[in-house]
């Protein structure tokens, strides 16, 4: 394929392309969102992959550039460390002057042995999960709020899960296998709603990617937590809704919790609301 050109910022630090930041964008759904934005909307977006380990971020960028996508770079970004978030925001602000889309994608799914490689109290697993999935999500939005506020159409996409749904969890016992994740994603949805109300001129939404073939899900399926009854679905489809929410205009939806549902009879991709 023809190689895309990376657009440098203008003299005032602004870029004509929309600037997208994806936390945890070096792998899984986050990486696929980056790939699809560059593949299908490369003339519109410049993508910044946030990675806890900068080396992994550079590896992800190299993989994308190998496919011909140039409008991408990496930044070190650990959502559990406010200093890391602040440093990333400073780098991006000095280079581009703003961001337009923030994907709050970084997250963890811990087993009761993941923290110390030995059994730990359930409460400790909850606290460690909340540190990334909830406090980290909020810290990320807070850290990038000044740059988002400069843009004319800020969009924030929280990558969450149906594991957050009390209604579904009450109805299906199979959804109780990862309660720390469920509690964290329910709290993350509340954080999303908080920002939806706080910034009425932004587009703030929650997105469920589905049960997808990512490294996180493969680890989960091999763990003691899993009651998986089928193989995960292709990762490509898991990015569709997040990409859609990235494209929203000033009159687009906000305050929603949605997922991709497949292709309808009209040949168009279908999306639906999920129960809280």
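Quick reminder: no glycine exception, Cβ is built from N, Cα and C everywhere.
These come from Swiss-Prot:
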type	residues	note
ACT_SITE	161	active site, proton donor
ACT_SITE	185	active site, lowers pKa of active site Tyr
BINDING	29, 51, 78, 105, 185, 214	NADP(+) binding site
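Taking the features listed in Swiss-Prot, we show where each one sits on the structure.
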residue	record	DSSP class
29	NADP(+) binding site	helix
51	NADP(+) binding site	strand
78	NADP(+) binding site	coil
105	NADP(+) binding site	coil
161	active site, proton donor	coil
185	active site, lowers pKa of active site Tyr	helix
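Taking the C-alpha atom of the residue listed as 'active site, lowers pKa of active site Tyr' as reference, the shortest distance to any of the recorded positions 29, 105, 161 belongs to 161. Put simply, the residue listed as 'active site, proton donor' is 21 Å from residue 51 (NADP(+) binding site) when counted between their Cα atoms. Its Cβ placed at the centre, residue 105 (NADP(+) binding site) has 28 other Cβ atoms within 10 Å. Taking CA atoms as the reference points, residue 161 (active site, proton donor) and residue 105 (NADP(+) binding site) are 11 Å apart.
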